[in-house]
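Asker: Take this structure first; my questions come after.
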């Protein structure tokens, strides 16, 4: 026993030192094979028991999705396969013995008895390794009538086959899981006879070479285009072309184009169907044709064939009768079923083809675009139908008529009264003869030739109403902006939210149409129950919502004892909010006064306008005190009382011109503020009770340092009260929730010393100051980040250190319990540079080191990392950003692809930091030796600009000019000489609340920067690379939305190289 163990040890030692212990390769021992690219290695040893056992080891690169070796044949049919792929259990692999009886995917065979030897099995050194002792089933296996199915252990020329899958992540614990088509394969021969002797576990490592084996041939497999081609045909035909056919018929009445389009789409589906069926025979998962994707595909294809026939029959009959046909309705609903299940099947198909990650995203994008297009088209058509009014007696499909006002009615000779009494049913057209061609009114959608498009081939009115309801409801979802309220020396920021009854209830009522697309006559004629306690009125032509607001007249408690109802009209000019001076990321509105009407409610109802929204600012009331003594107010349960405004409860809302608002009696509020473009207005009808006594009708507080500019509103004649209110607020500052912007305390100061002239391209100014010299530009970038780091180190190490600047917005996004329902309202438009994979790897390593020094910091997810080439606009509303995008859209393709022809290089990464964030910054290259091998092969093509004379700063300059040329004025804050990827931010003070911790933070950053300079900057043998070409792998990313922390949506992504 001892000698046997010693023999095993010597065998392993000999494997580890092959040069020292190897003799003649045919002297015996394991036979090993290594594929030409090293993707697959295999070793076999029969050992001394030639009747049953086989020892083997299989080694496959981890980058491959799978790898396999087949024994007993140099062709797929008849071979026994040893297959391995990564397990879902970390660090492990799955071994799957398989058989194949044709040129298709092998299937799992459970007839092999294998003992997996765990000490040399798993993910080892970037390889999938499986080693085992086959007790039975390896010498012979089912051949299904073939002349193969066995392993000749005495052969010195036994044939074998190897294959490996594509490079991608693939994990499964199932032994019968389906795999993708192989990316490469080949055959080789094995001298098995030489492997006699003691039974030993074969050993494989990086030094293993071919021993006792010989490569016969090696091929890179041609891509299997059948699966993607099947998907392209199906998605293009069903998801794109068929909806286009509906648009052609519904919007333009182009019957012949509709028929041609749908014919092409049908042929595309049949082509895709044939390709899919033929390709199904190559995979075990599809050979039986029992997957839901395949079943739905057969059903949809069959329905499509039937629908095509129905369409032909409908068209043929319609040309003869010019009336709707029964075939048309069936054709319509079959088409809807095909579109729904065909689109659903696209999702299932990408999953079935093992392309869920990429295919699903593509399918979702296509579906989203299609649905959005349909909503816009059908919504517009319905609005057009409403605007055009009645269609006349020739209206197809029997749609309900809505009579115009009497002064617009055409002469009627029908013999029937124009307005039937209650209970009257209009006569049916049943039994009427065919209307003569001369009397037929042409439909608005009628084509000019003999083809008539039947509107019954489109969606019914309730569906269109629902779609329009969704689109109109979105108008109320105004994204919150920030309003800065100045009160003495305090700076309060209040986040505005959309005006709703639930949120506004403590201050009054909101009046709006709860269902703006609910047609009164439609529901009243059907006897339906109206929602929101509505009742039918005006003979079914109106809906009445009673008691929508509660006016209050409390003047009986006023000193004057009486008053009257007054109605006024206010014409309010829209105010354009400017960025706050101390924080350009926020829009500013200075609230100079608050007013209240203690004895009356006040209702503002928007009228005709050119502005579409307004600002509503309200505040609760403090308890009575000596400061408000003497103010006349009513008494009673539920009334606010005599107190002054409680600013810590200040609320701000955005209302639309479709909402009226009622301030309850005694509610403190700001005067009405219309919002919109310059020279637009919003008119209000204002209803309230008035006594004619100023102090009873309107009480105002003016904050210290501000005067009211509303001449028709009376001020209190009590300056002491104003002063006392201000002083009280200042003393209670600790009660106020303050949102202090990080940028206000930690602005991106330009340390380059470059002076800019108004209207000048800021990036070009730096280039001119540096004499257009790459070395000088790099020096300025270097000086900027070095000086900034030195300044920040002084702040962190100073005895009078203030504190970190906590990102309040990020804190609320990361921890919803801080402020439930919080939304980041800062919408931006930018052009980002997306770092290539090797830079993301370097940044992730730096983040790992920083996290050790400060475990509580927030780190930017790697997939969101970016470098801002140009910030076009920031802290805008979605509507404003949409306008920018609309203007710039024709120029965006040229901008995002610009780095493809203008290539700049960034080098020498270093960690930069301040009190609010930390980043990985780079310098524009200036003649540094390129890494070996280069990141991309040089392109010697005319029109390609590359070389360090064209720096990253030149690229920023050119992008700035192209945006300006596209008609958009750039409003960027990032003009300093810096090229940085934000790595993280601070969410608390835990890691920096003592001088020792802050010193440790500064020291950690210094050590990381020293490591970067020594190991990464100019070291071609380093594990990490800090050099990258802007635009490598992908072009610029045009992006909009809430982008502060790597979010938002891509408008267009440029082409990489």
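Backbone N, Cα and C define each Cβ position, glycine as well.
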Asker: Out of 206-228, 229-251, 390-412, 413-435, let me know the one TrEMBL marks transmembrane segment.
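Answerer: Based on what TrEMBL states, transmembrane segment spans 229-251.
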Asker: Can you dig out which of the ranges 162-180, 181-199, 295-313 TrEMBL describes as transmembrane segment?
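Answerer: Per TrEMBL, the stretch marked transmembrane segment is 295-313.
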Asker: Which residue range, 127-147, 358-378, 442-462, is the one TrEMBL calls transmembrane segment?
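Answerer: Comparing 127-147, 358-378, 442-462 with TrEMBL, transmembrane segment matches 358-378.
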Asker: When TrEMBL marks a stretch as transmembrane segment, which of 93-112, 333-352, 473-492, 493-512 is it?
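Answerer: Based on what TrEMBL states, transmembrane segment spans 333-352.
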Asker: So which range, 263-283, 515-535, 536-556, gets flagged transmembrane segment in TrEMBL?
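Answerer: Going through 263-283, 515-535, 536-556 one by one, TrEMBL gives transmembrane segment for 263-283.
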Asker: Output the single range from 229-251, 263-283, 295-313 maximising the number of Cβ pairs under 8 Å to the transmembrane segment (333-352).
Answerer: 229-251
Asker: May I have the DSSP-based helix, strand and coil counts for the residues of the domain 'Cytochrome b561' (229-350)?
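Answerer: Split by secondary structure, the domain 'Cytochrome b561' (229-350) comes out as 109 helix, 0 strand, 13 coil.
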Asker: What is the average pLDDT across the domain 'Cytochrome b561' (229-350)?
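Answerer: Summing pLDDT over the domain 'Cytochrome b561' (229-350) and dividing by its length gives 81.
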